[in-house]
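Colleague: Handing you this structure, nothing more for now.
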Amino acid sequence: MPSSEDQKAERDDRFRANKLCQIEIAEASLRDLKKELEDFDSAVSASGPDETADHTDAFPLVPDAEAKTDSQSSEWPLSSTEYQRYGRQMIMPEIGLRGQLQLKKAKVLIVGVGGLGCPAAAYLAGAGVGTLGLMDGDTVEVSNLHRQVAHATGRVGMSKVDSAYEYLYALNPEVNYIRHSFHLSPEHAISVFEQYDIVLDCTDHPTSRYLISDTSVLTSKPLVSASALKTEGQLIVLNDPPKPPGDLFGGPCYRCIFPKPPPAESVLSCGEGGILGPVVGVMGVLQALEAIKVLTRRSEAQGRMTDAEPATAQPVKASLLIFSAFSSPQFRTIKMRSRRADCAACSAKRVVTADSLSSGSLDYIAFCGRTTPVDVLDAQSRLSAKDFAQLPRDDQRVLVDVRDEVQYSICALPGSINVPWTGNADSWLSKAQDKGVMEDDQKEKYIVCRFGNDSQLAAKAMQQQHKDFPGITKDIRNGFQAWRKDVDPSWPDY
Amino acid sequence: MADPIPLTVEFTGGLEMLFSDQRKHKISIPGQDEDGSASNVAYLIHWLCDNLMKDPRKEMFVLDDSVRPGVLVLINDSDWELEGEANYELQPNDNVVFVSTLHGG
């Protein structure tokens, strides 16, 4: 448990980092403004006042040779390198010069620089958004690299934000990158979001998803939210258009779609459930695409976004894209609801306010629930991996490995019997029966799994089955994680 | 007695794990529930628990008599909230998809 002093120091650090970032953004806009004025002045003085007045009606002057050598003094709205860099997307009617200038003006915040955030950031930087904010408090791990394409083997241990910055700067140095090397917290969320035009939720947990959605509503930012697990992904654009809370013509928020969080034990992370790199990559790339679509939208097409609503206007419904890599069809688009009239965040009856958010009175962790490590066995029913390694291997004891078949086939101890935990005592016991584990009541039974949670549940089930011999079923504490740490360092660290 | 209703039900986002690891199921349910009312989605959810779900972890699918929070129900590619939710009366050959929301990234 961190002390309150630690927490205060952490809060102060975050506050400082946050203010520094706001200063950086403000200075960048100041630089832009000064440069625009400079460009304007030099264009005026180069051509003389009378000539510039003619330009509006006549053909635009081809910049002379002197101007061409120096993009600063060019009359063109983009520099010569920008035309080259973005030409392939600018020649499409969907983007054009108009869209490119909209992108250049745009400030995009990416929360989470992992499997979704890396590809999303790469494509947005490539497309030439003016300002790209990166937020993440984690450091790069080797197990990230199969999918988090902005990181690199040589940058393991570095903060994800700094690592992605190196990659992105090499890709496109024209972008103004803002680094937020910390996790999003309710206290500072609003002041960070206010600096941007649109937000991408590239995080990996319901707590952050609710916090990001609430903050997007409070700061009137459209939100592009995506998620992925195993072979599937989901994508939804929320709070678009970002009307004030209570206005049913705004797009629905995350709470409109998911008013109640899922039970904590039903939430699987990529580390637990697995993730195929290209699957999360596809979803991150789609987020960049949706962000570009929102940022370059023509005002004519934004009829619903103008203040005067046409009499026939319908509340905006969201649309959920579901990607399932191993199904047919792989993509599916689902019509979703409009804003919920009793939504806790975006309706007239809202309880989420700027004050409740910044004061920390909304406890997102409690709202989403937490899973506590399993602890269902008494001390004598638990054995350390080290002690288990000392036991003779003979026919007096059985080792039951309750990991699933796929993990068991990656690595297993010789002589162990695989009975995957089914999530339920009765059904698991009947599987154990089928595998012959229960045949001899007198044998000592040791149960092992990856981290030491399921093994306790299985050991408990077996103890209750054999009430007469409670002492002879034991769990191996912390499972193969402890086995690798304390007994066999060569054990695969998958 | 109403005719049985043929349906396609699909499970995705991890829910397929609870239904014998099979995503798509062609099923046929009674045209009426025990009370003689036309079969709706609420009845379908009960029917699936009793007849199709072999996994004992019912709480991963239903909670308080409806699907658990975090599960979306889609009727013919629309969120069931647009179709009357649990009261939607099933039609022959409807496609009902149960999606567990994902959070990884």
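Just so it is clear, glycine is given a Cβ too, placed from its N, Cα and C backbone atoms.
Keep in mind the model is a prediction, meaning the values are calculated, not measured.
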Colleague: Among A:GLY115, A:GLY126, A:GLY128, A:GLY130, which is the one TrEMBL gives for the ATP site where A:ASP136, A:SER143, A:ASN144, A:LEU145, A:HIS146, A:ARG147, A:LYS160, A:ASP204, A:HIS205 also bind?
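Modeller: Record source TrEMBL; matching candidate: A:GLY115.
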Colleague: I need the nearest neighbour of A:GLY115 (ATP binding site) among the recorded positions A:CYS253, A:CYS256, A:CYS270, A:CYS346, A:CYS449, using C-alpha distances.
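Modeller: So, of the listed recorded positions, the one sitting closest to A:GLY115 (ATP binding site) is A:CYS270.
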Colleague: Does anything in the same chain, at least 6 positions from A:CYS449 (active site, cysteine persulfide intermediate), have a Cβ under 8 Å from its Cβ, and if so what?
Modeller: A:ASP401, A:VAL402, A:ARG403, A:TRP421, A:SER455, A:ALA458, A:GLY479, A:PHE480
Colleague: Across the domain 'Rhodanese' (A:393-492), what does the mean pLDDT come to, as a whole number?
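Modeller: Within the domain 'Rhodanese' (A:393-492), the model's average pLDDT equals 90.
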Colleague: Among the recorded positions A:GLY115, A:LEU145, A:CYS346, A:CYS449, say which ones reach under 8 Å of chain B by Cβ distance, listed as they appear in sequence.
Modeller: A:GLY115
Colleague: Rounded to a whole number, how many Å is the Cα of A:CYS346 (Zn(2+) binding site) away from the Cα of A:ASP204 (ATP binding site)?
Modeller: 23
Colleague: Around A:CYS253 (Zn(2+) binding site), which residues of its chain at least 6 apart sit with Cβ under 8 Å of its Cβ?
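Modeller: Sequence-distant Cβ neighbours: A:SER213, A:ASP214, A:SER216, A:VAL217, A:LEU223, A:LEU238, A:ASN239, A:ARG339, A:CYS343, A:ALA345, A:CYS346.
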Colleague: Measuring C-alpha to C-alpha, could you say which of the binding-site residues A:LEU145, A:ARG147, A:CYS256 are within 10 Å of A:CYS270 (active site, glycyl thioester intermediate)?
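Modeller: Of everything listed, nothing lies within 10 Å of A:CYS270 (active site, glycyl thioester intermediate) (Cα to Cα).
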Colleague: Most Cβ neighbours within 10 Å: which of the recorded positions A:LEU145, A:CYS270, A:CYS346 is it?
Modeller: A:CYS346
